[in-house]
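Visitor: Quick paste of what Swiss-Prot says about this protein:
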- ASP16, HIS17, GLY18, LYS19, SER20, THR21, ASN133, LYS134, ILE135, ASP136: GTP binding site (BINDING)
- 4-186: domain 'tr-type G' (DOMAIN)
Amino acid sequence: MDSKYIRNFAIIAHIDHGKSTLSDRLLEMTGSLTAREMQAQVLDAMDLERERGITIKAHAVRMLYKAKDGETYQLNLIDTPGHVDFSYEVSRSLASCEGALLIVDASQGVEAQTLANAYLAINNGLEIIPVINKIDLPSADITRTQEMIEQAVGLDATDAIPVSAKTGVGVPDVLEAIVKRLPPPTGDPNAPLQALIFDSWFDAYRGVIVLARVMNGTLRKGMRIRLMSNGKVFDVESMGVLTPKPMEIGELSAGEVGFFVATIKTVSDTKIGDTVTEDARPAAEPLAGFEDIKSMVFAGIYTVDSHEHTLLRDALEKLRLNDSSFFFEPESSVALGFGFRCGFLGLLHMEIIQERLEREFDLDLITTAPGVRYKITMTDGSTLEVDNPSRWPDPSEIEQVEEPVIRATILTNEEYVGGILKLVEEKRGRQQNFEYVTPTRVMLTYELPLNEIVLDFYDRLKSVSRGYASLDYQLAGTWVSPMVKMDILVSGEPVDALSIIVHRDFAYERGRALVSKMRELIPRQQFEVAIQAAIGSKIIARETVAALRKNVIAKCYGGDISRKRKLLEKQKEGKKRMKRIGKVDIPQEAFLAVLKVGEDSASKN
């Protein structure tokens with residue numbers, strides 16, 4: 001097909017603003033699916049995607065649309081994840097397009113992720129069509145939403161298209177706007193091949209399936225291709241397009257989007273953002289914008305039943321086949337046995353992996369408190385990167401610690417600003433910007449340590465704002481901070497799985513809260529149990545779980561006091577001996593207490 005009849009576009013929106021529903025309507029109206037094949041959220045194939053109402057993986061669907069001008073156009077919809085953890089995937093998906101539909105909920109207005117993804121689209125030079133969705137809701141306010149789009153995003157919203165993706169009202173106008181307002185792709189089909197990988201997944205029968213947008217040249221079946229980031233060479237076995245059912249074709253030329261299967265065995269070879277070129281006639285340089293995805297959040301994952309350790313390893317390897325952005329390595333803990341240290345893109349990514357392990361592989365898991373990666377400069381001038389408290393060096397050898405920092409954008413209603421400011425200050429935030437987007441809607445920009453975000457920030461932000469605040473963030477460098485490792489000792493023995501890295505100024509209250517929480521959770525023993533929080537050799541907080549005592553003087557009726565004293569002394573000696581040799585079993589809830597401490601201190605405020 002002539003490239004002037006091709007339109008490549010993405011749909012960008014905040015979670016729950018109706019992106020997947022609009023995609024369904026477009027598929028229905030272009031006749032890509034029969035009524036029988038239609039089901040809600042066609043493109044969200046994973047159960048988790050449907051349940052949480054989020055898109056986790058990118059998808060690409062080809063539709064044929066006969067426009068009012070009588071021509072048939074090929075529309076390639078690239079469905080992108082909306083969540084901040086997957087923003088690199090979004091940026092690569094957007095780089096595959098010439099235009100984007102910016103969907104805004106008419107009742108909620110512009111949210112933080114709408115903004116973040118809209119800026120990504122603008123930076124990629126895309127033509128943006130604003131679409132105001134959910135106009136069938138009684139609380140819909142089209143005029144106010146247009147004003148918000150103009151003020152917050154800086155786009156002209158006078159010709160924004162009002163639609164209801166649920167009922168189908170206004171959707172034909174969206175199709176016409178895609179054809180009329182979005183530019184066709186540019187690219188020379190005869191130039192050396194350059195194709196951008198924007199997603200890949202593993203199929204048990206065919207190996208790795210790669211989604212790509214051909215920028216220049218033509219990709220053909222049987223061609224020997226080379227991946228430009230690692231120089232690996234593969235043969236293309238088959239290729240095609242998703243309509244959304246896979247349909248095999250012989251070639252993809254400049255401007256087209258489709259999938260190909262080559263002799264690739266692992267997803268880690270096909271990095272998102274990489275450039276595919278022909279081995280015999282390679283392109284002079286790769287497409288711009290490729291980055292290696294780095295894990296941001298780290299946690300230990302262990303099985304409740306230590307015999308299931310090998311099952312956990314197999315499950316993680318299977319998940320890694322489909323998700324090269326998360327990594328794991330074996331680690332062992334005295335308290336929890338054998339497990340794995342895992343790295344994730346963010347908190348949602350961690351939750352999704354954990355839920356998939358429990359749901360798809362039927363495993364019972366314990367997850368340790370999530371942490372981040374610190375850069376440590378030692379007194380001898382060398383540097384270390386540490387993401388696990390157990391590898392924290394001796395404090396006397398540390399010169400300085402740098403912690404990762406994020407730039408957070410929070411959009412909220414003005415009545416909740418006070419509570420949010422208090423929360424952000426508590427989390428060591430530094431204000432960058434404060435502006436009114438509309439008379440009642442405020443946009444706050446803060447720099448915050450990632451370490452403070454990973455535990456409970458999002459939940460607390462939602463509770464402070466009664467669910468009306470939305471958050472988006474990206475990495476913004478590092479700060480030098482006095483971070484220390486805090487150990488929890490039970491009966492004088494450090495429990496490695498409970499160690500955490502904290503800011504020195506907050507160590508005392510964090511330690512105090514943690515040991516008092518542990519005191520409630522560790523069952524009473526026959527001997528007293530000391531629970532201590534320590535930084536190095538210095539104890540900063542202590543609680544004691546009192547011993548269970550039998551009433552040894554119950555059998556004494558009257559008589560001399562020395563008889564009773566003798567029995568009590570004898571009991572005390574026995575308890576002392578027990579304490580020396582006794583072992584304390586720490587229940588699973590105690591490990592989860594590390595995660596909950598912040599929430600409890602918040603609910604008391």
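Glycine too: its Cβ is placed from the backbone N, Cα and C atoms.
How buried are these features, and what lies next to them?
Guide: Other C-beta atoms found within 10 angstroms of the C-beta of ASN133 (GTP binding site) number 29, with every protein chain shown included.
Regional average pLDDT for the domain 'tr-type G' (4-186) in the model is 76.
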Visitor: Please report the three-state DSSP label of GLY18 (GTP binding site).
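Guide: Looking at the DSSP assignment, GLY18 (GTP binding site) belongs to neither helix nor strand, so coil.
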Visitor: If you draw a 10 Å sphere on the Cβ of ILE135 (GTP binding site), how many other Cβ atoms land inside?
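Guide: Excluding its own Cβ, ILE135 (GTP binding site) sees 21 Cβ atoms within 10 Å.
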Visitor: Looking only at Cβ atoms, how many others are within 10 Å of the one on GLY18 (GTP binding site)?
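Guide: Taking every protein chain into account, the count is 23.
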